[in-house]
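Asks: Relevant sequence annotations retrieved from TrEMBL are reproduced here:
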DOMAIN    A:65-109  domain 'NADH-Ubiquinone oxidoreductase (complex I) chain 5 N-terminal'
DOMAIN    A:126-403  domain 'NADH:quinone oxidoreductase/Mrp antiporter transmembrane'
DOMAIN    A:606-671  domain 'MrpA C-terminal/MbhD'
DOMAIN    A:680-772  domain 'MrpA C-terminal/MbhE'
DOMAIN    A:792-914  domain 'Na+/H+ antiporter MnhB subunit-related protein'
TRANSMEM  A:107-125  transmembrane segment
TRANSMEM  A:162-185  transmembrane segment
TRANSMEM  A:205-230  transmembrane segment
TRANSMEM  A:297-316  transmembrane segment
TRANSMEM  A:367-385  transmembrane segment
TRANSMEM  A:405-429  transmembrane segment
TRANSMEM  A:496-519  transmembrane segment
TRANSMEM  A:622-642  transmembrane segment
TRANSMEM  A:686-704  transmembrane segment
TRANSMEM  A:789-810  transmembrane segment
TRANSMEM  A:855-878  transmembrane segment
TRANSMEM  A:898-920  transmembrane segment
Amino acid sequence: MSLALIVALPFLGAFLPGLMIRSGRNACAVSAGAITSLALVMLGLHAPAVLRGEVIQTRIDWLPQLGLNANFFLDGLGLLFAGLILGIGLLIILYARFYLDRRDPMGQFYTYLLLFQGAMVGIVLSDNILLLLVFWELTSLSSFLLIGYWKHLPEGRQGARMALTVTGMGGLAMIAGMLILGQIVGSYDLSVILQNKEAIQASDWYLPALILILLGAFTKSAQFPFHFWLPHAMAAPTPVSAYLHSATMVKAGLFLMARLWPVLAGTPEWFYIVATTGLVTMVVAAKIALFKDDLKALLAFSTVSHLGLITMLLGFGTQAAATVAVFHIINHATFKAALFMVAGIVDHSTHTRDLKLLGGLRRAMPITFAITTIAALSMAGIPPLNGFLSKELMLEEASHTVWAGIPWLLPVLATIGALFSVAYSFRFLGHTFLGQPRSQLDHPHDPSVGLWGAPAFLTLLVVLIGLFPMLSAAWLIDAAASAVTGEAVAVNIYHWHGFTAAFWMSVIAILGGFVLLMLHAPLNRLWLATPRPEAKRIFDGIVEPLAALARGLTQRLHDGALTRYFAIATVAIVAAGFAAFLGGAHSPGLRPETPVEIVPLIGWFLLIASAAAIVSFHRNRLLALVLVGVIGLIVSVGFAYLAAPDLALTQISVEVVTVILLLLALNFVPKTTPFESTRLRRGRDGVIATLAGLGSGALIYALMMRDSAFPSISGYHLANAKTEGGGTNVVNVILVDFRGYDTFGEIVVLGIAALVIFALTEAILRAGPANDRLLTWVQDQRDAGDRHPLMLVVATRMVLPVAIMVGVYIFLRGHNEPGGGFIAGLVVAIALVMQYMASGFAWTEARQRVDYHALIAAGVLIAGAAGVGAWFTGTAFLTSDFGYVTLPPLAPFELATAMIFDAGVFLTVLGAVMLALASISRIALRAGEKVNTAPYDTDLPDGEVR
Amino acid sequence: MELTLAIAIGILFGSGVWLILRPRTFQVIVGLCLMSYGVNLFIFSMGRLRMGAAPILTKGAEIDPSRYSDPVPQALVLTAIVISFATTALFLVVLLASRGFTGTDHVDGKEREQ
């Protein structure tokens, strides 16, 4: 369970910073840090076992039918990556606290960061490739939010969009590749897939799967030619760049290649695709990095280059090279995260990141200078720092790897890559801190320890791993490399290998890099003079026409004409229905027709006549409403006739409330509809309506004349209503017991609908065009201006207690006889609405003791509490219990916990109906209702009219 | 009876569709009301028709499921009736808001050349 918890923790904790920001920026950062630390500690508890070579597993069945399970496993590779993600995450959280400006929404930042962190940890701990894909896409989405964090900057938004497009497309390709892989093996579990090297490499589908998966990995890890998104993502705040591009997001592609290394690597296809791509990326990006003037752009291309280096090592397909790749992953994360943070510090204190403007900062910023020196020298591969160790090993691997029969190609290109790497590292250091300032800088200074603490810690690691690699890193490399290669690895890292090929390549790289930097000025002029492909322009050139096409299509289909959408939808549904009926097999309708009696037939004629009248006279809106009322009445009588007393009661009470609502609203729309549709249009609509009517009528007729294809579940409900639910009204027992969970959901929906109505009313009544229109509302019919009839006022007040009594009665008998919470709620609501109608809004509101919002809340809470109560008896949510109670002098009666639930239903229905009515009444008040605005009481002196 | 009911459902549904296809908000709401009658009767009829056999169990007697009409569609329709009330009320306020904010009761929020 604990592994799933480590993954879930950042997601669960993502809400915390958003809330804690109310207590200040420190509390916000501390909450994010606490979540990460907790996850890190939980990971650390597993570390000893993993380092002993054990694999920790957590298995949770999710959708086993699809092969999708929430399975997690932790081996050396997972431990390395999860440790990097959480550890560097913690440092970034510290750094960001001091980096972000007071105006930046910090709560949002940490929330996004934790979401991203959770997705990354999910990738590295997943034992199911489908689950891994879910997390993979989540990193794309959450990194989109992080890169575009500064929403006011167009570069930020564009960079985020480009990153999402490129990595998202790669992710799509990868989904296909993973599915093929799963099909070959017959399982989506990584631990199973990793055991099936022979089956995968022998399959005809190996190459397609390989290419598709590598597309995902290469786009994520910014490999050539997909490298262009990464520099554009530098528009993100520096903590984001430091996190995403040193230890996490871009390493996800490397992780995937390392994870699948045992089954995919070792073939010529793997070698030529992966090693070549890595090699090209390493050299090309290192060259571009040298000519970038922006500190972060330089680091971005340097990152691309180092990712290429690691990809190349993985591509070699040998155990030794893969081990070096793992080592370099650690080293790159340490020095690159530190350098990104340094770039942020320089930006913070000088307000520029342009190398052409910087220089000579060593005196003003000694601490930053020290940190940068160590990290940059490590990046350049200068002994004895950790970057030197892994680069030397890389050169060693490259020196004896033959590419397509050409033995000198790989060593030469690797040396050139290293040479550029030395040059840009020195440039980063030299042009920022050494020499003289190239422009007037505004009091550069070292920042507070909050900002330099994190990079200083990382440089400490750089030095430690550099000086004592066997002590500080070898154990982790052994565990991770063993997991990558599937064989036990025991590395032996030392500084001096003798005068080997790698040594001379290293010397050439360092000296050549130095010379290159000396020649930087003329070379830069040459670079600027030569034409270069502008990635962003090419990308936009591809994306813009596609976006325009999509936009055009959308605008054509969604032209805002509601009736058109509805006509298309209706025709499509009717056509689908006819096609299904004509194309599918079905038995003939053999059920006997129930005889028709004369009285129902009269009601039927009335209903049809009313419907026809509505269709003909709907322009007269009041008449249409009256006719709706007539139809509703007939429908409720029909329910009673067709053995559904509960439905009849519900329908008739809903009918009353609906008609009152419609009448209230009718006050604010024209009373008649203009005659505007063309003959053609009406003909078309007539055909569609006729088809829909014919279709639905024919369908239900066909259904009614046949028996159900499957045995009905109703028998169970009838047989168990009394014994299990303790009631004889089966409909009510279904509502409050068998299907209580559905009902619970429904009253929540009802409550939400009422709250939305209230909120919309508030919006209408707020100052604005709607409110202005209400204030200047002119009735298109003259008001009679009379006060409400006294008889009605008196009668409704006398009826109120009786009506409430009836409501209570209907509620209490509901479990056994027709009735229940829904109907009782509606009946009481009608009794209250009568007060509004008779005595006016103001009078009623003045006497209203309980807020309708509170009624809804109480109803939902009581219903929920009734459900939770079942837990205390060890049964599932909403299981009801019942018993018989004897209260002398009453006869023994029955009490069921379902009654409590039903009381919740009652309160919610009452509150929701009343809130809806009261909201619309408020609109009437605003529109300047002239009668019944003041309390109308029977004890007014004669002749006084308010 | 089945045929009569099927015709009624068809007519309610057809009239509802016709009204929803009108370009004014008020007609759309009335159309939705008619359609929800049709839909509720439709779901209800899925339990097949029976007269005089309400699903109220006789106390103390042996329970024979074939003696009662189907309670499950009834329970479904009961909640559907209440929810359709909520939807109607919600659409009414949307109608008022749309009318208030745009000044027209055309469904598209603006008068349109036909």
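Just so you know, the numbers here start at 1 and follow the chain as drawn.
Cβ from N, Cα, C; glycine included.
Could you place the listed features in the three-dimensional structure?
Replies: Listed as Cβ neighbours of the domain 'NADH-Ubiquinone oxidoreductase (complex I) chain 5 N-terminal' (A:65-109) (distance under 8 Å, sequence separation of 6 or more from its ends, same chain) are residues 3-4, 6-7, 17-21, 25-26, 28-29, 32-33, 36-37, 39-40, 43, 46-47, 50-51, 55-59, 117, 120-121, 124-128, 130-131, 146, 149-150, 182, 187-191, 237-239, 242-243, 246-248, 251, 255, 258-259, 326, 329-330, 333, 337, 341, 344, 348, 447-448, 450-451, 453-455, 457-458, 476, 478-484.
Predicted-model confidence for the domain 'MrpA C-terminal/MbhD' (A:606-671) is 90, expressed as mean pLDDT.
As a summary of secondary structure, the domain 'MrpA C-terminal/MbhE' (A:680-772) carries 76 helix, 1 strand, 16 coil according to DSSP.
Residue counts for the domain 'Na+/H+ antiporter MnhB subunit-related protein' (A:792-914) by DSSP state, with H, G and I taken as helix and E and B as strand, are 86 helix, 8 strand, 29 coil.
Taking Cβ pairs closer than 8 Å, the transmembrane segment (A:162-185) reaches residues 67, 129-130, 132-133, 136-137, 140-141, 143-144, 147, 192-193, 196, 199-200, 203, 205-206, 208-220, 226, 228-230, 232-233, 256, 536, 539, 543 in its own chain, all 6 or more past its ends.
Long-range neighbours of the transmembrane segment (A:297-316) within the same chain, counting only residues 6 or more positions beyond its ends whose Cβ lies under 8 Å from a Cβ of the stretch, are 218, 221-224, 227, 230-231, 233-234, 241, 245-246, 250-251, 253-254, 257-258, 261, 265, 270-271, 273-286, 288-290, 322, 324-325, 328-329, 332, 336, 339-340, 343, 355, 379, 394, 397-398, 401, 414, 417, 420-421, 424-425, 427-428.
Away from its own ends, the transmembrane segment (A:367-385) comes close to residues 302, 331, 334-336, 338-339, 342, 345-346, 361, 391-392, 418, 421-422, 425-426, 428-429, 432-433, 446-447, 452, 455-456, 458-459, 462-463, 466-467, 495, 506, 509-510, 513 of its chain (Cβ-Cβ under 8 Å, at least six residues beyond either end).
Within the same chain, residues 279, 282-283, 286-287, 289-290, 292, 295, 298-299, 301-302, 305-306, 308-309, 312, 339, 355, 372-373, 376-377, 379-381, 391, 394-395, 398-399, 501, 505-506, 508-510, 512-514, 516-517, 520 sit at least 6 positions outside the transmembrane segment (A:405-429) and bring their C-beta atoms closer than 8 Å to a C-beta of that stretch.
Within the chain, the transmembrane segment (A:496-519) has long-range Cβ neighbours (under 8 A, six or more residues past its boundaries) at 290, 380-382, 388, 391-393, 395-396, 398-400, 411, 414-415, 418-423, 425-427, 430.
Sequence-distant neighbours of the transmembrane segment (A:622-642) (same chain, 6+ residues past either end, Cβ-Cβ under 8 Å): 600, 603-604, 606-607, 610-611, 613-614, 648-649, 651-652, 654-655, 658-659, 662-663, 666, 671.
Only residues 6 or more beyond the boundaries of the transmembrane segment (A:855-878), in the same chain, are considered here, and those with a CB under 8 A from a CB of the stretch are 737, 740-741, 743-744, 747-748, 751, 754-755, 897-898, 900-901, 903-912, 914-915.
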Asks: Take the transmembrane segment (A:205-230) and find every residue of the same chain, 6 or more past its ends, with a Cβ under 8 Å from one of its Cβ atoms.
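Replies: Same-chain residues near the transmembrane segment (A:205-230) but 6 or more away: 136, 159, 162-163, 165-167, 169-171, 173-178, 180-181, 183-184, 245, 249-254, 256-257, 260, 264, 267, 269-270, 273-274, 277-278, 280-281, 284-285, 300, 303-304, 307-308, 311, 535-536, 539.
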Asks: For the domain 'MrpA C-terminal/MbhD' (A:606-671), how many residues does DSSP put in helix, in strand and in coil?
Replies: 55 helix, 1 strand, 10 coil
